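What follows is one structure encoded as structure tokens, with my remarks underneath.
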């Protein structure tokens, strides 16, 4: 399997929402990108809003690579850009050629959009911050903006402890035990990305059957294989991973404070339940919801459960929240969907 990745970055459409009173070249701003499908539209939007709300003195250019864009979403993003006098660029991509790559219900084809952003922008920019769309900013990016690269491929945050030994064993390299990173936050040295032809290397590795059989998190595992011994390590505050299902698992309303604190810059809401779901009624989700409530999305209801795995998790949250009738109804619906 040999993919023509240059063809993949021939976007079907590029839409620029530039509401700045004074225009700047992209290289004079801090560039941040997301890669999304329809399910993560609101996540990327609130991620942008959270950065702007917490970094009002900085100049940004925001880039969203998406396989679906509708008029309402574009209009709401335009309102967001107007509110903060910023620029948001939208890139519509055809996802069909990427569907030959490893994916699953949990890991959709959109996970590969970050690779396309690295490849596309490597010819245009020196650096790029990539964020997953389930990440919210709650602090200053000044230290990150001031970071300088030498020959590192980028700057990353080590994944949680539970991922380390398992990843080293899976990837057959003990060096990953203590250095395996989470790809949700990646500050990429695009000069080095271009020089080392890393997009091509990524797809070469993804075409290797001996590599494919080791993969559990397709793009993240490949990026780790490439970045081993070639990355700056950022402190945990830039990728504070929190899973909202911990609320009913731990049954402790303060549990999230072990992960999210005053130093936290980025909160990464991993797992099935996201803070934009209508059952995520917890203090841990307020960092997202507080921004949501001052955004153009504020009058739009939170997302309902649609997929089977969402219903499975939703009913457990509802029962924990003592919403017994709704919880039982959702559990029944899940069992019907399960068959």
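First residue shown is number 1, and so on along the chain.
Just so you know, glycine gets a Cβ as well, placed from its N, Cα and C.
A quick note: this is a predicted structure, and the numbers were derived from the prediction, not measured.
Around the Cβ of residue 274 (UDP binding site), the number of neighbouring Cβ atoms within 10 Å comes to 21. Sequence annotations record features per position, and here Swiss-Prot assigns UDP binding site to 35-40, 132-133, 268-274.
Sequence annotations record features per position, and here Swiss-Prot assigns Mg(2+) binding site to 132, 134, 268. Close to residue 132 (UDP binding site) in the fold, though at least 6 residues off in sequence, lie 34, 183, 184, 185, 268, each with a CB less than 8 Å from its CB.
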Self-check item: Neighbour-count leader, CB within 10 A, binding-site residues: 37, 134
Solution: 134
Quiz item: When you average the Cβ positions of 132, 134, 268 for the Mg(2+) site, which other residues in that chain have a Cβ within 8 Å of that mean position?
Solution: 43, 131, 133, 135, 184, 185, 269, 270
Exercise. With H, G and I counted as helix, E and B as strand and the rest as coil, say where DSSP puts residue 39 (UDP binding site).
Key: helix
Quiz item: Which residues in the same chain, at least 6 apart in sequence, have a Cβ under 8 Å from the Cβ of residue 35 (UDP binding site)?
Solution: 64, 65, 66, 110, 111, 112, 113, 114, 116, 117, 130, 133
